[in-house]
Amino acid sequence: RIMRPDDANIAGNVHGGTILKMIEEAGAIISTRHCNSQAGESCVAALARVERTDFLSPMCIGEVANVSAEITYTSRHSVEVQVNVMSENILTGAKKLTNKATLWYVPLSLKNVNKVLEVPPIQYARKEQEDEGKKRYEEQKLDRLETKQRNGDVILPVINPEPHTVGYSQSSLIHLVGPSDCTLLGFVHGGVTMKLMDEVAGIVAARHCKTNIVTASVDAINFHEKIKKGCVITVSGRMTFTSNKSMEIEVFVDADPFVDEPRERYRAVSAFFTYVSLSKEGKPLPVPQLLTETEDEKRRFEEGKGRYLQTKAKRQAQMQQAAQ
């Protein structure tokens, strides 16, 4: 579809959340089709996880986004989907790859939303493809478990914070989940949640550097629990790390059951977003150093630095392989 002004920021760059939402919609369509391809209970595919996603090139107002999806692995109860996003300048015909993403879905029964159904297997061109897919499945399963175990943090307001501190830029958004946000099962679309998360992360980044900002990448997004229609969700974001030209922002979503539900607030989704600061000409700008004050902030900064260096090393290795 064509990118319109309400899809973009004030500089004309399409919001990362808009692209993430399109990616998730494509994944949900192909997964739901596949899981209903054989006789049995009808189901809807629910998003469980999005692997690290890099925004390879910015997309602008007026360009056409082409999203394609392919199922690359199936386990007994989950589907792995690879999604590519191309942008097309319809005036010149120029095309470029903007995003590559990997998503995991699970099929939930339409009769019983707590029942996960079995996934029809796919045919692999060669045995190595199945082995590689199984390895990716085991790795993401372990990472989801580890992430859920460390999800106890909350963001508290800070009185009169100093500029460039964590408290100065931290932000929250409160949203009542309505019918238009939900699937046929009455749970929130993963793409809706990711768009809200990107919006909050973008506010944090803009507050920190006071410039135009764009999404550079998103670390793995883990959907720990479903969010029902009628819940009030709080999407919170805080700066965790800055390098010379990038900012890492931790974002998590907490759900408060609001209608006919005795359950207490719970952590539903978590992820790390990375942003870069741009000039009016679209050139990278230096990012102000994050000022850490508490021991927890210093610990999170070092953890973020570790993720940054690890990603940088992987990117350099990939460039060297490509050069060879």
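Every residue gets a Cβ built from N, Cα and C, even glycine.
A quick note: this is a predicted structure, and the numbers were derived from the prediction, not measured.
Here is what TrEMBL records for this protein:
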- 1-111: domain 'HotDog ACOT-type' (DOMAIN)
- Asn9: active site (ACT_SITE)
- 167-281: domain 'HotDog ACOT-type' (DOMAIN)
- Asp198: active site (ACT_SITE)
- 295-324: region 'Disordered' (REGION)
- 296-306: compositional bias 'Basic and acidic residues' (COMPBIAS)
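Rounded to a whole number, the C-alpha distance linking Asn9 (active site) with Asp198 (active site) is 12 angstrom.
Taking each of the active-site residues Asn9, Asp198 in turn and counting other Cβ atoms within 10 Å of its Cβ gives the largest count for Asp198. Remark: secondary structure over the compositional bias 'Basic and acidic residues' (296-306) totals 11 helix, 0 strand, 0 coil, with classes taken from DSSP. Summarised by DSSP class, the composition of the domain 'HotDog ACOT-type' (167-281) is 26 helix, 54 strand, 35 coil. In terms of DSSP helix, strand and coil, the region 'Disordered' (295-324) has 29 helix, 0 strand, 1 coil. Helix, strand and coil counts under DSSP for the domain 'HotDog ACOT-type' (1-111) come to 23 helix, 52 strand, 36 coil.
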